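Now, the feature entries from TrEMBL:
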type: TRANSMEM; residues: 27-53; note: transmembrane segment
type: TRANSMEM; residues: 59-82; note: transmembrane segment
type: TRANSMEM; residues: 103-128; note: transmembrane segment
type: TRANSMEM; residues: 140-166; note: transmembrane segment
type: TRANSMEM; residues: 173-196; note: transmembrane segment
type: TRANSMEM; residues: 202-223; note: transmembrane segment
type: TRANSMEM; residues: 235-260; note: transmembrane segment
type: TRANSMEM; residues: 266-291; note: transmembrane segment
type: TRANSMEM; residues: 312-332; note: transmembrane segment
type: TRANSMEM; residues: 338-360; note: transmembrane segment
type: TRANSMEM; residues: 372-394; note: transmembrane segment
type: TRANSMEM; residues: 400-421; note: transmembrane segment
Amino acid sequence: MKTATASAQQNTDYELSAVPANQRKSFFSLTIVWTGFVFVITSMMAGGGLAAGLNFKDIILATFLGNLFLSAIAILVSVIACKTGLTFALITRYSFGAKGTRLASLFVPIVNLGWYTIQSATYGHFIAQIFDFGPVAEGITMMLSALVMGVFALIGINAITILGYIAIPSIIFLSLATAIKSVGVAGAFSVITEFIPSDPMSIAGGTTVVIGTWILSTATCIADIMRYAKNMKQAALSAIVGLVGGNSLLVICGAIASIAVGNSDLTGVLLTLGLVVPSIILMTTNIFTTNASNIYSTSLNLSNAFHMDRKILISVILVLSALLTLTKPYQIDSLFTFLNVLGVIVPPLAGIILSDFYIVHRGHYAPLDEAALRDWTISPWVTWALSYGIVVLLERMSFGLSSLNGIIAAIVLYPILVKIFKEKQD
Ligand SMILES: O=c1cc[nH]c(=O)[nH]1
C-alpha cells in the first residue's frame, strides 16, 4: 500500500506512464503551452545577433529555413509522443534500453539547465538595469529570478497553461510594438531593408543559429507537451504554429529592433526605446512561460533518471540554476556559443529517436509495460558519437548544414548499428 501511494505521488503528471485517452487536451490548450514555450527573449536576442552578420532579406531567409527544419523535427517527434502518450524520457527507453534511458534522459536536464539559467540571468540583469542595481543586488535579483520562475512547473501542466493564456497576447502585441517603435526611431523601414551588416555571416551559418534557438526542445521537450494531444493532426499543427508563427515572429522582431537601434543586446534596445513598463511585461511574460515549461520537462526527465518525486528534483535544479546565474550567462557571446554547440550535439539524438521509431520499429511501439526492453544498448551511443564526428568533419569542409548533417548521419547509421549489434527491442 505504501509503495502504491509513493508511486502514485511520483506519477502525478504521467511522468512514469502513458497519458490516457481521457486525459488528452484540446488543440487550443496545447498550442497555448507550446507557443508560450517558444515565445522567448533569447529568440529575439538571436535575431539581434543575426543582424550583425546578415542583411534583412537573408535574415528572413535564414529564419524561414531554420524554422522549417525545426518544424519537420517537431512534427515527427510530436507524432511519436501523441501515438504513445509518453514523455521524451520514456520514449528513449525503446532505443537506449530500460537502464540506458536513465543516462540518456540526463542530457535534456543538463541542456535545459543551461537555457533556464541563461534566461533567468537575462531577466535578473534586465531588472537590475532598470533599477540601476550594483553587482551584488544584480546577483541577488538573478538568483531570485531563477528560484521564482520554477513555481509554475512545481504545480504542473495546468498552471503552465493558465500562464500561457495570460502571457501570449501580451507577447505578440509587445514584440510587434517593439519592432514598430524601433522602425519609428530609425526614421523609415528602408533603413532596415537597406542595412549592410558589419561582420558578414553565411546564410547556412544564420540558419544554424536559428535552428540552435529551438533544436533542443523540438527534438525532446515537445514530446512532454504533445503526449497530451488528442490526435496526430492537432499535435503537428500545434508544433507548426509555435515555430513558424511564434519563433519566426520573435527572431524577426528582434532583428528589426537591433538594426534600428544598432545594438544586439535586446534588453538594452528595449530600454533605449524608452519602453520601460511594456518591456518589463514583455520580459516577464515570455521568460516565465518558457522557463516554466523548461523546468517541467527537466523534472520529467529527472524522474525517469532517478525515480524520485519530480518536485524534489525541481527544487534541487532551481537552487543549482540560481547559483549558476552568478556566472552572468546573459551576454550575447555566451548565447551564441551555446546555440552553436546545441546545433551540433542535439540533432544526432533526434535522429536516433526518429530512426528507432520510424525505421527500426516501423512506426509502432508496443505499450511500455508490455515491451521487452534490454537494460542497456550500445547502438544509440555509438551512433551519437559517430554522427558528432561526421558533423565536425563536414563542418571543417564547410559542407552543408551541421544540424541537417547530424540528423541525417544518425538516421542512416542507427539502423545499421542496431543490425550489427543485434539490438532491436520489441
Ligand atoms: O528554454 C529554451 C529557450 C530556447 N530554446 C530551448 O530549447 N529552450
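Using N, Cα and C of the backbone, Cβ positions are placed for all residues, glycine too.
Long-range contacts of the transmembrane segment (266-291) within the same chain: residues 36-41, 44-45, 48, 115-116, 119-120, 122-123, 125-127, 129-130, 145, 149-150, 152, 160, 163-164, 166-168, 170-171, 174-175, 177-178, 181-182, 185, 250, 254, 257-258, 330, each at least 6 residues beyond the stretch ends and with a Cβ under 8 Å from a Cβ of the stretch.
Comparison of 103-128, 235-260, 312-332, 338-360 by number of C-beta pairs under 8 angstroms to the transmembrane segment (27-53) places 235-260 first. Same-chain residues lying 6 or more positions outside the transmembrane segment (338-360) and placing a CB less than 8 Å from one of its CB atoms are 46, 73, 76-77, 80, 88, 91-92, 94-95, 107, 111, 114, 118, 208-209, 211-213, 215-216, 218-220, 329, 380, 383-384, 387-388, 391-392, 395, 402-412, 414-415, 418, 424. Comparison of 140-166, 173-196, 202-223, 312-332 by number of C-beta pairs under 8 angstroms to the transmembrane segment (235-260) places 173-196 first. Contact counts against the transmembrane segment (400-421), taken as Cβ pairs under 8 Å, peak for 202-223 among the stretches 59-82, 103-128, 140-166, 173-196, 202-223. Only sequence-distant pairs (6 or more apart) were considered; of these, fewer than three Cβ pairs between the transmembrane segment (202-223) and the transmembrane segment (372-394) are under 8 A, so the stretches are not in contact.
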